[in-house]
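Some features that TrEMBL has for this protein:
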TRANSMEM  A:20-40  transmembrane segment
DOMAIN    A:75-272  domain 'ABC transmembrane type-1'
TRANSMEM  A:79-100  transmembrane segment
TRANSMEM  A:112-132  transmembrane segment
TRANSMEM  A:144-164  transmembrane segment
TRANSMEM  A:185-206  transmembrane segment
TRANSMEM  A:263-283  transmembrane segment
Amino acid sequence: MSIKPAKSDRIFDFFNKLLVWFFIVIISYPLIYIISASISDPAYVNSGQMWLFPKGITFEGFERVFQSNEIWLGYRNTIFYTLLGTFINLAITLPMAYALSRSDLIGKKAIMALLVFTMFFDGGLIPTYLLIRDLGMINTVWAMVIPSAAAMWNIIVTMTFFKVSIPKGLEEAAEIDGASQIRTFFQIVIPLSAPIIAVMALFYGVGHWNQYFGALIYLQDRELFPLQLFLREILVQQQITAELMQQSGTAAAISEHAKIADIIKYAVMIVSAAPLLIVYPFLQRFFIKGVMIGSLKE
Amino acid sequence: MAKTLSENPPKKKGTNWRKIKINWQLYVLLAPGLIYFLVFKYYPMYGVQIAFKDFRAVDGIFGSAWVGFDHFIRFFDSYYFWDLIKNTLGINLYALALFPISIIVALSLNELRDGKFKKTAQTITYAPHFISVVVFVGMIIAFLDPATGIINNFIQFLGFEPISFMTEPGWFKTIFVWSNEWQNLGWGAIIYLAALAGVDPQLHEAAKVDGATRLQRIWHINLPSIMPTIIILLILNMGNMMSIGFEKILLMQNELNLESSQVIQTYVYEAGLLHGQYSYSTAVGLFNSVINFAILIFFNRLARRTGTSLW
């Protein structure tokens, strides 16, 4: 195997690396730009003089963002919804996936068909909304965590993990020794399932952290808003509340409006996306594992 | 069910009931999830009957009066019907045309021999997947701003007039679809990389002996190996034909680009939740779901001929 790679091979490697570099540049440029813009003087950013590295470094954007009570409120709410929501997700997904992974579950095929059908067909936005309303969940914490309590795709991934990774003999031995199935699940299966629990916590957690639409339709009370709804006002609707302006809506304030919007725009993006983007490289293998288990064939 | 029964031919029913009794604890584990799906996925399907009724909250879903297909007919006859269809299909077909990009990314990453570089490239290309849709749309708006955005600064630098991308209907689909691709091209490649990891190295060794070049080996070995994955993902995409990216489209919409950004689902949101036309918008949504489901079934049938299908 010590033969020098053929010339055509080296040419291929060169062009392939070039292609990968192309993707890397395309993807990282906007990310680097945001970071640089968030600590640059908006005058340089808006005129295009800052295009890669920070220019006229200022932290005013971050200062304003961190002084904003609404951003902190949104942050606190988001963290709470993410923790509670993910806990509920796991409490439903893990036992259900385990039951479905067992070959002695009679009626499994019918149950699976019933569940998988929901991946491709649903009642739609309005009937779901009416249900949540009739359940009295509008404008409550529950609207943020209960309607998304489980995702079928994640259940399938978890089920596949249980099937391929938990030795059948272990379950059987436990049950021959007189352990009940529920006990087997909690004392034998769960301790062996740390990888899939991590994967699921991450998948569900990222979903909760980033979601805005449920909050948009189910919440009215600003006290309950997750971070994403406040961000929507700032970044998409481009409303800067008096609170962020730190002054009342006088004429002078309105002229100041655009300038402040520019200062906080990029900082607010960083503040929201940073927690995930910072931890993600360390947890990358778990995310990838989740996708890979999902691609396994039964 | 039929299969489970035929597995124990002699005393079918009796054994099954006994097995259910012995295994009752499994059903306890199953129950919370099952209840969730019945309440939050199946009950709305029951509620979908308001598409054929004039829903009034006081009468409830069951008690409201039937009106047959009135809402559907009103929708089909409306002046915006064809615009919605055109926009919905247009955006989705455009997105579908970019389907091969993730495959190319995966094939390309798979050929990298430097493990460290490969890992770094993966980390970077997957990263945008974790940006929330709100922040992402905020980025798009900021970058494309006619006065202050970096893209328009560049366009002006080259000596052209700035383009008001977000308010120009003609740009909407392109911005939506290509930005989606930017966010997901790496993440979409993971599943192909997983399939590529399963390719038998002996196939490559044999092809090398026969003098096949790298490109030939990719084309004749790697690509066919991931074909089943490609087909499954294509079918799944087809099944979402009319519903991708609704949350993002909603955020990217504004008064001025509406003629090309209004799709069926954003219209359902507007008519139903903003204007309170519950029955009518449910009918529009149901129309969308049924078409979606029909497309899924059609393509799954088609795919069966290749030996790979969802069911």
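Counting begins at 1 with the first residue displayed.
From the backbone N, Cα and C atoms, a Cβ is placed for every residue, glycine too.
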For the transmembrane segment (A:20-40), the distant same-chain contacts (Cβ-Cβ under 8 Å, at least six residues beyond its ends) come to 50-59, 61-62, 265-267, 269-270, 277
Note: vs the transmembrane segment (A:263-283), the recorded stretch with the largest number of Cβ pairs under 8 Å from A:79-100, A:112-132, A:144-164, A:185-206 is A:185-206
If you count CB pairs under 8 A between the transmembrane segment (A:79-100) and each of A:112-132, A:144-164, A:185-206, the winner is A:144-164
